[in-house]
Amino acid sequence: MRSNSIFTKEIDSEAVKKSSNLRPPSTGSSNSNGSDTASPKKKKKGFFRSLFGSSSSGSKSCGSPFTRIWLEYFEVSLRKNDVDHFRPGYWILDTNIDFFYEIMLRQVLLKRPKEESQQIYLLRPAMVFFLAQAPNPLEIESALPPAMFDASFIFLPINDTNECGIESGSHWSLLVVSVEKGLGWYYDSMSNGNTNDCNLAIKNLGILLKKEFRVRHMKTPQQINDCDCGLHVCENTRILMYRLLQKPYVPKVDMNLDHSVVDSVRLRKALMEVITSLLAAYGSKVPKPSETHTDPEKDKKIFSKICKTEELLELPTLSAVTSDSAQPHSLPASMPSSQPQSRSESLPLTHPNSEPNPKLDSQPNSSPVRRPSLIKVKTASTSVLPTSILQRPPSIVPRPETAAIQHTQQSIEIH
């Protein structure tokens, strides 16, 4: 949950430096001002413990394994403490979300055509914090990434911290903004979470983009503990990003997550396996200093459990739209899942296939207008998930007191 390492980042901007103090590396402790108490540092024997050493206790000097960099993945550096927070029972830090977002950027967005990848921007937690807390957002405009201003959809991980220089923040939630529609979809795995911080972020974003936004609270799977909210943000980001990448080819994109499943245990395990696989394949720096890119075949194997690279490569591109005589196909609203051994080990996937648009399908094939939805796509045979997987398991059904205050939201249609 916590955002313990936001201020360890170096941001070359006078506006940012004036608005905050740089923060020392996190000690891994959690000391909330709210009702949550620190999650126990669980020790787990096995491969991961032998790889990363002992549990985070004792002295943490400057040269200790807890502060030195264990893995550099492009623009994100993970220390021992950051890696520990992927283990069960730990709050997710902003660095953990950075790592997940970097994977989505490198393994998903940048492998799509440029005209598609530029439509989606994953804003990092540190930038979201500065945006939400800035008294005058125009003063930090130069510190924000230029690509954000050209995107159609912006993903903002929201943290409820409003303090600089100390460990703070106790909850993560997700805000997805459609710039064209002037609309934000808010996903909170605790229905009584940080609405105020969501409003601050979208208000300042509207000032920067010179646009008024309205926010819709979406039905979202509820977490069953106090430490998985950051994983919900990561998984919800992946699901929604995959759906939005299908936007040129399907008549409607469903932004609801009420039927989705977030398997936090499996996601934590998958991310730890990614880290160990990267270390084994590339060493502590990815890519290596002598290289500018990574090996696609290695990456396909390393990231297959998180982003299903092979499924992405089968998605059509704008140039793949064939003649008007092509038959329409609906793309899967989420990635196909391999047959799980048990529900606890199944990758959290959601949503059945989108329904075809009868108005488009009923039009004659001889129409001179090319419609992106009329394409020939080879879909995977496993694209339709079993009904048992699509149904929400009892373990994530919200408690009565949280379910009573959830806002009912209809599907959002995006053209």
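Glycine too: its Cβ is placed from the backbone N, Cα and C atoms.
Looking up S35, S59, S290, S362 in Swiss-Prot shows the phosphoserine annotation sitting on S35. The phosphoserine entry in Swiss-Prot, when matched to the candidates S64, S367, corresponds to S367. Here C229 (active site) is positioned 6 angstrom away from H171 (active site), judged by their C-alpha atoms.
DSSP assigns C229 (active site) to a helix.
Each residue contributes its Cα atom, and for D188 (active site) and C229 (active site) those atoms are 8 Å apart. Cβ-based neighbour count (10 Å, all protein chains) for H171 (active site) stands at 27.
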